[in-house]
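Enquirer: Before I ask anything, here is the structure I am working with.
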Amino acid sequence: MGDTKAINIYKAKAIMLLLALLSNISLSWALVSSRRALTRTKFLRRPSTSSSSAKLFTPQSSSYPLTLNQHTLYYLSPSSSSNNPRRGKYPALSAAATSSTSLSSTQPPAEASDTTKSIVATAILILLDIQFRSLFRRYSISFPSSLAGCGALFATMIGFSAVNEQVGEGMYRLLNPGATLLAKWLPVFFVPSLITLPLASGLGSVGEVVKVLSIIIGGFLFTLFSTAWSVLGIRKFMGKKTSDARADELIASPPTLIAQSQSKAFSKTLFRTLKLFAWISGIGTIVLLNNSPSSKFINLLQSSFLLFITLSSFVFGANLPTSFTKVVHPLVTCTGLTWLATNLLSQISGTTFLHTLQLYKRGTLSPLSAGAGDVLLFLLGPAVVALSCQMYGRKKLMRDNMSEVAASTMVSSIGGLYGTAIAVRLMGIANPDIRLSLLSRNITSPLAIAIASILGADVSLAVTIVVLTGLFGANFGASILDAAGITDAVARGLGIGAAAHGLGTAAFANEKDAFPFAAIGMALTASACTVLVSLPWVKKSVLSLVIGV
């Protein structure tokens, strides 16, 4: 009797800790929101025009993918533009701001319609991915089905556009809202590999860790400069003029127009909704564990709880102040909070932390057996298919700069793959799993997972290396290019996209001329590298270099 009472007291304490966690997230969110509101009030004195300015200067889905790290939001008040000494230099800008203000005051918001379009487009992309998976499984094709779907969809839109441009553009407009939505949530789709990292084998001694970090940083610099310099060489050979991206950025973004506030990545309503579902599923899990521990629905509720904790903590981390997210990426915040929730859940259920973590990703999509990580990883496929929309939206840029794009893709994919293979062999890293996991260091995570699977690498470790590379590139990429005197927008964009994938690309959202090329470089480098390792003779040669097989 006494033991039962002690267990109940222990569970009650665990429940209180869990509720304290959720309450703490809510309190922290409120504090952050209030502080940001005060900042906006202090620096932006004209709330009547803030919405129009946000519409004017935030990259739209038709031109740019919606990313989480678009930290810069420009602000222009049409009412004060007449007093701005720079107004004469920006007549189109002022006119656009006035027009945007007029439209926003006369037309009601179409948020419901936009949401419907995004949901429908996302559903279509998911169905396309499922069909390609089924087709490749039926014929036992080892090539990544999602990448094949991306290429097929891109070729289809290009083909229809060549015959009838309106048809191709219509397909793009139909699917792009879904591609934008998937791009916004893309980081959280591969966070399961970070969350389950404690289950992976360690890096070894301190010396091994130093070697790994050296290859991550050295590999980033090698890919960045080799890609950028190859682009500059091609442009010089073809007699093209280089553009000063940093100068253009300063001209387009005078200090008087720079807002002191950060645009929100996600809404408060979304955060509250995710938190509510986390509460419901968490309480349901506790009730079942206490009253019916053998219920077949326990895994469903546990997985739902961990899924909503993962999503809500990611949203929370993404909306923290820019000064914090530049140091601590939302993925790190998400992983830490999910680990904390997993530890509490393990205490409540009377199991170990590692045992509960194994339930996070179980390798099945069965409704009663799937883990939270399985659901998120499933969405990586549609996200890769959606890359076709990013490439189609930039087809003119690709066509006008075909030589630079082709050269940079060849250098970054072949040079990055074989250069890294040689480096890990020369550095003498002892663990073959670590050697293989380093090969996809500069590849965007969905395809890095595919490459790791093809080569037999540790997927969780490969994703961690990808994230570290991206964080380094996002924080230091622009400064390194500046220090090297590389100011050409095409070279900067293709270089950072190839070297630091999605995180580095998102950090270049401020550079309006370089950013589209960064997105192109990211997508094509990842696609080309995945195609290469899918070729048997390339795979064999790479494995021979890395581990001597």
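Each residue, glycine too, has its Cβ placed from N, Cα and C.
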Enquirer: To which of the residue ranges 19-40, 327-348 does TrEMBL assign the term transmembrane segment?
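Expert: Among 19-40, 327-348, the range TrEMBL annotates as transmembrane segment is 327-348.
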Enquirer: I'm a bit unsure how to read this: which one of 301-320, 368-393, 489-509, 515-538 has the highest number of Cβ pairs shorter than 8 Å with the transmembrane segment (181-200)?
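Expert: Most contacts with the transmembrane segment (181-200): 368-393.
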Enquirer: For the transmembrane segment (447-477), name the stretch out of 301-320, 327-348, 368-393, 515-538 with the most CB-CB pairs under 8 Å.
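Expert: Result: 515-538.
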Enquirer: With an 8 Å cut-off on Cβ pairs and a sequence gap of 6 or more, do the transmembrane segment (368-393) and the transmembrane segment (270-289) reach 3 or more such pairs?
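Expert: Result for the transmembrane segment (368-393) with the transmembrane segment (270-289) is no.
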Enquirer: Would the transmembrane segment (405-427) and the transmembrane segment (515-538) count as touching if the test is at least 3 Cβ pairs under 8 Å, pairs 6 or more apart?
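Expert: Stretch pair touches.
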